[in-house]
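Visitor: Got a structure for you, written out below as structure tokens; questions coming shortly.
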Amino acid sequence: LTGVLDDCLCDIESIDDFNTFKIFPKIQKLQERDYFRYYKVNLKRPCPFWADDGHCSIKDCHVEPCPESKIPVGIKAGSSNKYSKAANNSKELEDCEQANKLGAVNSTLSNQSKEAFIDWARYDDSQDHFCELDDERSPDAQYVDLLLNPERYTGYKGPSAWRVWNSIYEENCFKPRSVYRPLNPLAPSRGGDDGESFYTWLEGLCLEKRVFYNLISGLHASINLHLCANYLLEETWGKPRWGPNVKEFTRRFDPIETKGEGPRRLKNLYFLYLIELRALSKVAPYFERSVVDLYTGNGHEDAESKALLLDIFRDTKSFHMHFDEKSMFAGDKKGAKSLKEEFRLHFKNISRIMDCVGCDKCRLWGKLQTQGLGTALKILFSEKEIQSLPENSPSKGFQLTRQEIVALVNAFGRLSTSIRELQNFKVLLQQTR
């Protein structure tokens, strides 16, 4: 991939360099900090659109909470316990890891963490724009440690997975049913049509609707890249080995195997990266205020986390080829308002479709990345409210919940990882030729 992206004045090489040398190392560090690693999610919400066709039975899909009795005493007591290291090396921890199996979602928390989350909740003020948020007070909502549950290939595929993406594209991308998305296995046979009629239709759309499609396609490409980069390569004696799968990457993105579709998908990944990068630079004033703490109860860690986040904001502002969202919804006021509301409702619907994903691991990361993008859109359409924020008091006009902040940072972290993994695949492909 080279050259300038559609609908913005930015070239791919500039994004690669900026991401590799400035953003990727810092966002990786930020995601490891306590404030950003615990995400509250309800993985038991029923699918609102069709009868549940059964959950994925592969062990990598499962959520297997660790029983309270198995949580090592050192973790329960927190860092104040002088025996915490010894406790962490105890047999109890091994039992706990065994119970979690290969990729099970680990929702265990220490008592100290639970107290911190209660404090976090007091700092949150819920205001939902583009996403349907999980009710954090629901008994089914649980905190998940994202570092213990990395996004990777679980084996979840087939009709259930296709139905989710098909519903997103066919019913929520402003698309007439007569125009088929290229390489959609659920669409009826199209004879000699190689999908070009789809792109003729797409180019005829207004900028906003074209952007909407590109964002969803970019999210799909990014998720596929994560699965190719973190693939179960072999499992010998119960020891799994995860890593990049060049064959799978080629199947999903090679120009010949995808009839030219792969490069388009990857360009949309870069476009999505630019949109979320723009949102981060726009939301900086919200976090620069002294009233905003990334509160975990550990003052030293909180100060370090905020300093690192502000450092990333400085980098995002230094990037000189941002997407200009002012060109969006710039028509007559009445038409623009109606289109923006349509845009918002379509995206909100997509966030609800994520509750139809049959694999819990995939559902977790699908919900998080969708919510991250929804939060980015909310930021881009709240510029005036962000600019008029009071310095020393919470804002009534614009507010982010902790859930939205965690989703925003981790979703952008996933895109940054995707672009980094793409560089790795370029090297691997050259080695195999």
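Our numbering is plain: 1 for the first residue shown, then up by one each step along the chain.
Cβ atoms here come from the backbone N, Cα and C positions, even for glycine.
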Visitor: TrEMBL annotation: Cys359 disulfide-bonded to which of Cys228, Cys362?
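Guide: Between Cys359 and the options Cys228, Cys362, TrEMBL records the bond with Cys362.
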Visitor: Are there residues of the same chain, six or more positions away from Ser217 (FAD binding site), whose CB falls under 8 angstroms from its CB, and which are they?
Guide: Arg264, Arg265, Asn268
Visitor: If we check Cα distances from Cys362 (active site), which of the binding-site residues Arg152, Trp165, His220 wins as closest?
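Guide: Going through Arg152, Trp165, His220 one by one, the Cα closest to that of Cys362 (active site) is Arg152.
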Visitor: Among the binding-site residues Arg152, Trp165, His220, Arg252, which ones place their C-alpha within 10 angstroms of the C-alpha of Cys359 (active site, nucleophile)?
Guide: none
Visitor: Inside 10 Å of the Cβ of Arg152 (FAD binding site), count up the other Cβ atoms and send me the figure.
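Guide: Excluding its own Cβ, the number within 10 Å is 21.
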Visitor: What's the number of neighbouring CB atoms sitting within 10 A of the CB on Cys359 (active site, nucleophile)?
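Guide: Cys359 (active site, nucleophile) is surrounded by 23 other Cβ atoms within 10 Å.
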